[in-house]
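Enquirer: The structure that follows is given in the form of structure tokens.
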Amino acid sequence: MYEGVVQDLIDELGRLPGVGPKSAQRIAFHILQAEPTDVRRLAQCLMEVKAKVRFCATCGNVAQEELCNICRDPRRDLSVICVVEEPKDVVAIERTREFRGKYHVLGGAISPIEGVGPDDLRIRELLARLADGTVTELILATDPNLEGEATATYLARMIKPMGLKVTRLASGLPVGGDLEYADEVTLGRAFEGRRLLDV
């Protein structure tokens, strides 16, 4: 244990996802040894992100305006929506350059153990987007784990009566893995080989 503010910094850094106690300590000491201008720039960036970034009113992706760059892009295919759990999944898919449609970010996955049900996700907003008949295909790109599969099955059953083509990313993604960690080639092939969901 360190004194006062040093330990406070280590504790706060350790609360970040994927940062364990040793990494938190290493980052804290890097900050302590950094130039004051670098530390101020980091602090300013953190404050600006918190103040300026919001969620897109249409898809739920991160944005600095009411709509994200993807929803504002007129070159995107309006007939296909790819449903993902989190904004970081949008970034992973965009890196593949395989998908030219729009996205819908649910804000998580159905997880009874964590107390997350369908009403806690952006499913109503998705249904509202599908209501005008523009969308012909819905790609379910939730994580290939228990919660992601449950969410995909729930959505497929709910949307099937609408007559839309509902597909799921092909295998090649590790079961139990997170979409954000898949490499571009694997994710690109999963898009190319997506399958029709029959529920």
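We count from 1, first residue shown onward.
Quick reminder: no glycine exception, Cβ is built from N, Cα and C everywhere.
Pulled these from Swiss-Prot:
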type    : residues : note
ZN_FING : 56-71    : zinc finger
DOMAIN  : 79-174   : domain 'Toprim'
Enquirer: Taking a Cβ cut-off under 8 Å, which residues six or more beyond the ends of the zinc finger (56-71) line up next to it in the same chain?
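Expert: For the zinc finger (56-71), the sequence-distant neighbours (Cβ-Cβ under 8 Å, at least 6 residues beyond its ends) are 87, 90, 94, 102-107, 122, 125, 129.
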Enquirer: Based on DSSP, tally up the residues of the domain 'Toprim' (79-174) by helix, strand and coil.
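Expert: So the counts come to 41 helix, 23 strand, 32 coil.
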